[in-house]
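> Before we start, here is the structure in question, set down as structure tokens.
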Amino acid sequence: MHFRAFNRAVLKLLATNKNGIALDRRSMACSRYEYVKSYEQDDRILPNVWIVIRVDGKKFHKFANVHKFEKPNDENALNVMNAAGIAVMQEFRDIVLGYGQSDEYSFVFRKDTTAFKRRAAKLLSYVTSMFSSSYVLSWPQWMQQPLSYAPCFDGRIVLYPSDENLRDYLSWRQADVHVNNLYNTAFWKLVLESGLTNQQAEERLRGTLSADKNELLFQQFGINYNNLPAMYRKGTILLRKRLLLQDGEQEKGRQAIVPIHEDLIGAAFWQKHTEILGKYVPGTHVPSHLCRQLEAQLQEKATIS
Ligand SMILES: Nc1nc2c(ncn2[C@@H]2O[C@H](COP(=O)(O)OP(=O)(O)OP(=O)(O)O)[C@@H](O)[C@H]2O)c(=O)[nH]1
Ligand SMILES: [Mg+2]
Ligand SMILES: [Mg+2]
């Protein structure tokens, strides 16, 4: 027998199951190799917990330098982050709140979400990759300088069983932006305006309390810290709101993802935005004058020319 024909015959023999029924090669591969699927782990997240996904830029210290971000805050770069955060919330409808500051964004999924059967790897990888690709897509809308290299973000999932835990998590992130921003504002004023070296500025600020740094900013630079832009001091909270827009004589309702820069540590925020924790109060909406302001803010720079 010719060698090739012999080979075919052997393969046919091997591809015949116990009952002598010929199997095609694909199903043979399935039966033989399928067991490897059982090595995959069931990573479904337990029910009835808040799912928080946080993404954070990889080595953004370097990324910010290479792309000449303004110090300590680059408004446009923060808006690229916000645009990416909004894109993630547009894609994943079960996210009830986003919170961004510096090079990080947190996303809170509804407690009862069934998105992707609550599979952790699916949720985490979709959110992280959607955030990264949206960051790159949004970049030219806000930044003059082209991207020098592809930024990437890590992602983690943290589960919080109670509303109090969730609020504490978000308070922790907002307290972090406050501490960092106050320090960085004072540090860069000392370096860029008083001509101190980085080391001298560090020494000047070592051991100082918040009140000392506020005082330094006021006395030496005439800055009232509380008057700095709220986005720098509080970060950005993304919420889903029903906007009431004036259309001629009529008011029209429309769902939108709205960036706000409020304090979320105090109880007032949670009383005002009751829908986040699932206690929706009818009539919670953004008044139309504020809508137009928010829309204008969003669209001002976001339109592609
Ligand atoms: N100049 C400037 N830098 C920023 C701004 N936002 C973020 N950064 C930089 O991004 C860094 C973010 O901090 P981290 O996430 O802790 O550090 P990282 O360098 O990204 O390192 P890894 O996250 O561990 O990979 C800050 O320390 C800043 O250097 C900004 O608006 N302006
Ligand atoms: Mg980082
Ligand atoms: Mg960070």
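Cβ coordinates come from backbone N, Cα and C, glycine included.
Okay, so TrEMBL annotates it like this:
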type: DOMAIN; residues: 33-161; note: domain 'tRNAHis guanylyltransferase catalytic'
type: BINDING; residues: ASP56, ASP103; note: Mg(2+) 2 binding site
type: BINDING; residues: ASP56, GLY57, ASP103; note: Mg(2+) 1 binding site
type: BINDING; residues: ASP56, GLY57, LYS58, LYS59, PHE60, HIS61, SER102, ASP103; note: GTP binding site
type: DOMAIN; residues: 164-247; note: domain 'Thg1 C-terminal'
> Between the binding-site residues ASP56, GLY57, LYS58, PHE60, where is the Cβ count within 10 Å the lowest?
LYS58
> Between the Cα atoms of ASP56 (Mg(2+) 2 binding site) and SER102 (GTP binding site), what distance do you get, rounded to the nearest Å?
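Between the alpha carbons of ASP56 (Mg(2+) 2 binding site) and SER102 (GTP binding site) there are 9 Å.
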> Express the distance between the Cα positions of GLY57 (Mg(2+) 1 binding site) and ASP103 (Mg(2+) 2 binding site) as a whole number of Å.
5
> Going by DSSP, give the three-state secondary structure for GLY57 (Mg(2+) 1 binding site).
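Note: GLY57 (Mg(2+) 1 binding site) is in a strand by DSSP.
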> On the 0 to 100 scale, where does the mean pLDDT of the domain 'Thg1 C-terminal' (164-247) fall?
95
> Write down the Cα-Cα distance for LYS59 (GTP binding site) and ASP103 (Mg(2+) 2 binding site), rounded and given in Å.
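The Cα atom of ASP103 (Mg(2+) 2 binding site) is 9 Å away from the Cα atom of LYS59 (GTP binding site).
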> Beyond ASP56, GLY57, ASP103, what residues of that chain have CB atoms within 8 A of the centre of the Mg(2+) 1 site's CB atoms?
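For the Mg(2+) 1 site the neighbour list reads VAL55, LYS58, PHE60, SER102, GLU104, PHE153, ASP154.
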> Excluding near sequence neighbours, so keeping only residues 6 or more apart in the same chain, what lies with its CB under 8 A of SER102 (GTP binding site)?
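Residues satisfying the criterion: PHE60, VAL177, ASN180.
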